[in-house]
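J.: The structure follows.
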Amino acid sequence: MRHALLVCAVVAGAAPLTACQPSQEAPAPPPVRPVLTTLAQPTDSVIFGPFAGTVEPRYQSQLGFQIGGRVVARDVTVGDVVKKGQRLAALDPIVSRFDLSRAEAELSDARAQAENATATEARTRRLMEGGNVTQAQLDAAVARRDTAQARLAQAGASLQKARDQIGYTELRADFDGVVTQRLAEIGQVVSPGQGIVTLARPETREAVVDIPETPAGAMPKDGLFTVVLQSAPEITARGRVREVAPFAEAGTRTRRVRLTLEEPGPAFRLGATITVALERRIERRFVLPATALLDADGRRSVWIVPAADKRGDENAGKQEAVQGDEPGDRHVERRDVTLDGHEPDGNGRIAVRTGLKPGERVVVAGAHSLREGQTVRLADDRN
């Protein structure tokens, strides 16, 4: 009997405790997502570049001998400043001298033959007047004279050619310039026209840069670029686009751009490393990473993280934030924007023309995984 009463007492005592528990647990608040943001800062100028390059001559020539032979002298090296007519290199002249001696001997022989044929023709003509020779004999003497005269003229031309060949054994500068390349060494046997040195005109210099294909296509052709000397950034010059390569290099996918330097100082020597950039005034806009753009549902928009939670403002005096929020949590809102252009540029950026205010925080990563009013926390600021 006492055991039965004890069981009843335990059951009766447990009943109120069971009745006090809620029928089900309250739903957990949605997780707070950390986001990366950047401050929207307006800009009224755009900088094209910078791009690295070198100073090169606009005009340069590869010089070589007009005849073949063995190089026996090289009088200049890379960087030497030379004057017009100065000797740059020389070939072994022995063969050319032999040719000259043979041409001189052939000329002497031809001259003697011509003089003899002329004298013979004169004697035959006198004999013809006396009736001692026939007309055929006179005609033969005249023909021999003409042949000898022609051979004499040919020997004279051969001698002149041999003399020119002697001059061709020396390579001389065609103009004042700077040696930029050396292509042959002493002892090397070269063929006619083979390059020996490259000579550049230093008075007209260019900035040569290789620009990625996409930016090169959008490069303003009429702008005045700023060219900065990398070894001395305080030294600058101006440059205008003269030529853009029509095709990109297969290996690097870059296009070569040449800019004519306007009155460059002496510091802009050939081969100097430079940096090229162009700043232009534009209509005010906000430049953001392309990852900030949400292009969905026929809308182009970005996620804004307000400086103060609007929900907290509307419920001021009732609750400071949405239930489950921690200090620093905020709620994103979607904002439609208008782009300056239809696609991100080649550097992965977009230009927002309308829809943003200076100083607003814009989410720059994970835009496609957020929803309106989602609770977020600033993980980092990208400024």
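Just so you know, glycine gets a Cβ as well, placed from its N, Cα and C.
Feature annotation from TrEMBL assigns compositional bias 'Basic and acidic residues' to 327-346. The domain 'Multidrug resistance protein MdtA-like barrel-sandwich hybrid' annotation in TrEMBL covers 63-194. Residues or ranges marked as domain 'Multidrug resistance protein MdtA-like alpha-helical hairpin' in TrEMBL: 100-169. For 208-279, the entry in TrEMBL reads domain 'CusB-like beta-barrel'. Residues annotated as region 'Disordered' in TrEMBL: 311-352. Per TrEMBL, the feature signal peptide maps to 1-19.
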J.: Residue counts in helix (H, G, I), strand (E, B) and coil for the domain 'Multidrug resistance protein MdtA-like alpha-helical hairpin' (100-169), per DSSP?
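T.: So the counts come to 64 helix, 0 strand, 6 coil.
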J.: When the pLDDT values for the domain 'CusB-like beta-barrel' (208-279) are averaged, what is the result?
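T.: So the average pLDDT across the domain 'CusB-like beta-barrel' (208-279) works out to 87.
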